[in-house]
Amino acid sequence: MEGVDHLAHERNKTEFDVDAMKIVWAGSRHAFELSDRMARLVASDPVFRKDDRTRLGRKELFKNTLRKASHAWKRILELRLTGPCVITEEEAGQLRNFVDEPSFTDLHWEMFVPAIKGQGTDEQQQKWLPLAYKMQIIGSYAQTELGHGSNVQGLETTATFDPETDEFVINSPTLTSSKWWPGGLGRICTHAIVYARLITNGQEHGVHGFIVQLRSLDDHMPLPGITIGDIGMKFGNGAYNTMDNGVSKFDHIRIPRNQMLMRVLQVTREGKCVQSNVPRQLIYGTMVFVRQTIVANASTALSRAVCIATRYSAVRRQFGSQDGGMETQVIDYKTQQSRLFPLLASAYAFRFVGEWLKWLYTDVTQRLQAKDFSTLPEAHACTAGLKSLTTAATADAIEECRKLCGGHGYLCASGLPELFAVYVPACTYEGDNVVLLLQVARFLMKTVSQLDSGKKPVGTTAYLGRVQDLLRCCCDVQRDEDWLKPGVVLEAFEARSARMCVACAKNLSKFENPEDGFAELSADLVEAAVAHCQLIVVSKRKGEPDLTPATARGESDHHNKDEGFIDKLQQDIPGKGVKQQLQNLYYIYVLNLVHKYLGDFLSTGCITPKQASLANDQLRSLYSQIRPNAIALVDAFNYTDHYLGSVLGRSDGNVYPKLYEEAWKDPLNDSVVPDGYHEYVHPMLKQQLRNARL
């Protein structure tokens, strides 16, 4: 029935202030008001309709995306010119986010513009950024090649300086040097930052970025010497098929010398390479920013999947009927709770560690500007590891949510297949997850090797400075409620990570060639890196949620100093019952990790089998405490039905009538008798098939 809240009985069980939790989730009142405004603006605009996306052919799908991207830009311009306040870049980004469709503009804003800001000189920024901000040029980020992805130093595209003409010659010397995958490159982008091997006076100087025009700004035809197109269909129905991921080859095309990004390294008129007075390490700030964004996006994607699965689990009833009464809600089965609630807890945990990474990015940027590079290796390892951890967990969790929804989860109308297909590339882009974990492992091994020299570990590795204590400590859990003591939890995770790191370091020391050891022990090293990254999530989150109106603060957002999640939970958190729910979610996240990675904790001697059993007892108790609040906890995400894009996850719980209605929209139901019936099926039924001659 329209207008009826079929989940009202669930919402009436809520034991906390949902509005206060919405602000905790958003990060501040300002952030909540901004996202709520943009989400509703997009949801109310019929141009941004997306329920038919999975039924469109590729060409129609792509054209529809062009229409939406153009309309989004139009709305952004209109909002900048009218209304009570000028729309900010933050709001423009939120609007594009809630359109919720991969498009050619994604890399323009997320990679092309930041790269120019981070790697371009002041003069280059003054020339190119105004054009990019006004969308008078549309940029892509052409780094990955057909033959090389994670190994950036192995890129084959060349940029050879010609001193006679004061130009760079961009060339693709092999088939595998073709640029492959850049979003927007295939059909739309006019420019790209092309990464190539810099060659001057016959010498190579590493890989650098070059601004290359790809297409005419008059007729959009590819410029001479450039072969360019789309790489073809990708995983899923709609998903990233709305994006023109491209391939391009360059046949000795020429660009002016000043189109090499020269903030760090400059090439003179004579072809001499000169290091600028800007530290090369500054470019790492952009990398930290991008990875911080990926972690934040992980919490968003995971929370969307969890919202769908939680609401549908409350709607769906199976078995348990007594004397013809109501069947049991699926969400009341402990097997469902033990699979679903840890994912709900993970969504909140990833959200908070993503907010902490915002603080880290600000801190790193300030230090780099002051030429303080002391925390850069740790920040690089931290962001690399968290990118890997959160994206892998989120991809797995979306698929688990699909299975939690039973057969209906396999329908495109559930929104979950589309969500998975859009999200899963995050495990590969901006660094393959396993490669990133190996980078983290190298950093951890270096940190352990320097302990005897007296060098004190910093930041997220500070616990390794107490490695001797952590190797000797014993978990003192005697009752299941002891697992709710912050110190107990933190010590167990620190001891696990420290012992795994030390064990790997000892095994590495047995090899004469460290690289041989690293290759042989790579699987163990990845596991140690995962343990370290999980410790970061367990112990880190942003400062206290700010409930003060943004107008009263006179600022756009609020970020407090770095704080541990455990420390935070010892403080007051505004809103009735909010702190208790966050504590429950935190300990579900922690104890589920203990359960899932029990082999690590037992094999390293961090806990005993009895203590592991007590952790499971406490976990079951926490599930029971979360159960009456489950719907309200996903309501706190504040997602519109448009953004969620799921019949199963409808906010009103009116699933079955809408699912039935959705089925009849499929083009296959346009006619009662399908095309091809009379040609192929009817003769078979009437036994009128001609015998084939062999």
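Placed from the backbone N, Cα and C atoms, the Cβ positions cover glycine too.
Around Glu430 (active site, proton acceptor), a 10 Å sphere centred on its CB holds 20 further CB atoms from the protein chains shown. Taken from TrEMBL, the feature active site, proton acceptor applies to Glu430.
Annotation comment: TrEMBL describes Thr144, Gly183 as FAD binding site. Residues within less than 8 Å, Cβ to Cβ, of Gly183 (FAD binding site) and separated from it by at least 6 positions along the same chain comprise Pro102, Phe104, Asp106, Leu107, Ser140, Tyr141, Met243, Asp244, Asn245, Gly246.
The domain 'Acyl-coenzyme A oxidase N-terminal' feature in TrEMBL is assigned to 17-138.
Here the domain 'Acyl-CoA oxidase/dehydrogenase middle' (141-242) returns a mean pLDDT of 95 for the predicted model. The domain 'Acyl-CoA oxidase/dehydrogenase middle' annotation in TrEMBL covers 141-242.
The domain 'Acyl-CoA oxidase C-alpha1' annotation in TrEMBL covers 284-445.
According to TrEMBL, the feature domain 'Acyl-CoA oxidase C-terminal' maps to 486-540 (among others).
Per TrEMBL, domain 'Acyl-CoA oxidase C-terminal' is recorded for 564-686 (among others).
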**Request:** Compute the C-alpha separation of Glu430 (active site, proton acceptor) from Thr144 (FAD binding site), stating it in Å without decimals.
**Result:** 10
**Request:** Report, as a single number, how many Cβ atoms besides its own are within 10 Å of the Cβ of Thr144 (FAD binding site).
**Result:** 19
